[in-house]
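*Asks:* Please read through the structure below; I'll follow up with questions.
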Amino acid sequence: MSTESKLREEICRIGASLYQRGYTVGSAGNISARLDDGWLITPTDACLGMMDPAAVAKVATDGSWVSGDKPSKTLMLHRAIYDNNREAHAVVHTHSTHLVALTLAGVWQPDDVLPPLTPYYVMKVGHIPLIPYHRPGDPAVAARVATLAAQVRGVLLERLGPVVWESSVSRAAFALEELEETAKLWMTMKDTPGFAARAALPDGALTELRDAFQARW
């Protein structure tokens, strides 16, 4: 099986897993992966839970549609990430409930939507900035994310959800899951008296994670 065929299968497998476990619903969300001669990306308005590998769109490095169904309307956003971060080999975007709710309720900080609650959030995710609301597919989002792609592993789109990039489709999905579960934890606990003041890991713990695991915090 060729690398492209394997990536098509992986995109569909990871998409189905995310859908079945409630990280996205309906036809929301998209996944892409880097190829030597372009990218694969899920089709526009496709349900991540029921995709055909042959229908996954192939796009050339110049952005032209090569094969498969029509590419996602967020193609420009995915391309901005790949063009500005050579280590990014996959991008996953979902409309995950707790992360969208977080943008409605108010994020922790604009440059860090969540505090460093757990060691695995610090190790696997790191800083996640908020991108103010724009309509789906707005070029302004791609332009903003292009400036951040090499600095962070993801962003949170206001009212739309997370966009996460990593070295593989599975690693991007794992990071997105860690991000969503941390948002769930924060949304569950943040109104508990005294919690917000002691929620973040102390500076010493963050230094230890940076030294031991090269954590980005």
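Backbone N, Cα and C atoms are what each Cβ position is placed from, and that goes for glycine too.
Not my notes, these are from Swiss-Prot:
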{"type": "ACT_SITE", "residues": "TYR120", "note": "active site, proton donor"}
{"type": "BINDING", "residues": "HIS93, HIS95", "note": "Zn(2+) binding site"}
*Asks:* What's the number of neighbouring CB atoms sitting within 10 A of the CB on HIS93 (Zn(2+) binding site)?
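*Replies:* I count 29 other Cβ atoms within 10 Å of it.
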*Asks:* My understanding is the cutoff is Cβ-Cβ under 8 Å with a sequence separation of 6 or more in the same chain; which residues meet that for TYR120 (active site, proton donor)?
*Replies:* GLU178
*Asks:* For HIS95 (Zn(2+) binding site), which residues in the same chain are close in space, meaning a Cβ under 8 Å from its Cβ, but six or more apart along the sequence?
*Replies:* THR24, VAL25, ALA28, GLY29, LEU160, GLY161
